[in-house]
């Protein structure tokens, strides 16, 4: 079973990640992870925190000589901003009670978390609820992506909407791969420029913008997941992974919500067969998933991100101590983090797919898994 745990606060010493269940023999270096972390920090619209941090993952355990050992992998990402916060965020009793937060921000975990955990200082909630934690998720997803690459499964991501600006044409694989060259990870240059302008306008108004990201995965064989039980359906597992990303409020697979307006004759994908290729679908409205299983086509998933709720012109709130009306507190934040969310979403998809592969084919050593997957792919072509 592939799983990971993360620990760490936004302004703590750093973020820790434990990855368990990765087979032995997978080539893995710091650089494989740091490429993903750098992309997560990129994207037009990020705030001052990204000017401080230079995320670099350090592999502490589970890898020797550039190859995984099959034992748990330990990763650490230092927070450079810790220098400015160590007196406040120290784990010991010497921690100084400063920068106390008592005015919860609408749209954040502040109020609900404070009520659940009986915290008067909402910093004890927001530090962990912060999207800073997604750096650890991306590190785990990057490890999974390395395994997928060794199994000839590739990932791409791009931004399809920021605020009012939308990419209206379908983006092909090559264009999606080039999207990282855009300051907003948009595959359409004209739309990308309009997105930058929209972000700048929101910045000047003290506002924030959300958007929609798309993740593609190709080389995924048919049959991953299962129709047998609700919790084994791969579409459900992918949706849960995407919905768990902070600020994500909706997920689409394939044509998504658009199929609700179509008759069945136009909503589904016909089945075809070609000798040497096997069964395939000439169209891909299903987004590569049918009945809880992959169907052999490219996976297409979208996630909708709400605007960041930390505002320079805060919304009305109530002070937890005085119970009096107040404006919400302000924390350092971004104007738009949609490009970063695209990277986090791709990492989440990579993690779920890697787990599904290991469940399907088993094996504790990479060459064994490669051999089993190759035999299965041959079966799909020759059936």
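Heads up, the Cβ atoms here are built off N, Cα and C, so glycines get one too.
Cross-referencing 103, 266, 274, 332 against the FMN binding annotation in Swiss-Prot, which names 128, 129, 130, 291, 306, 307, 308, 309, 310, picks out 332. A simple way to gauge crowding: the CB of residue 46 (NADP(+) binding site) has 19 other CB atoms within 10 angstroms, across all the protein chains here.
Between the CA atoms of residue 46 (NADP(+) binding site) and residue 308 (FMN binding site) there is a gap of 11 Å, rounded to the nearest whole number. Cα-Cα distance from residue 308 (FMN binding site) to residue 40 (NADP(+) binding site): 16 Å (rounded to the nearest whole number). Reported as a whole number, the C-alpha separation between residue 310 (FMN binding site) and residue 40 (NADP(+) binding site) equals 19 Å.
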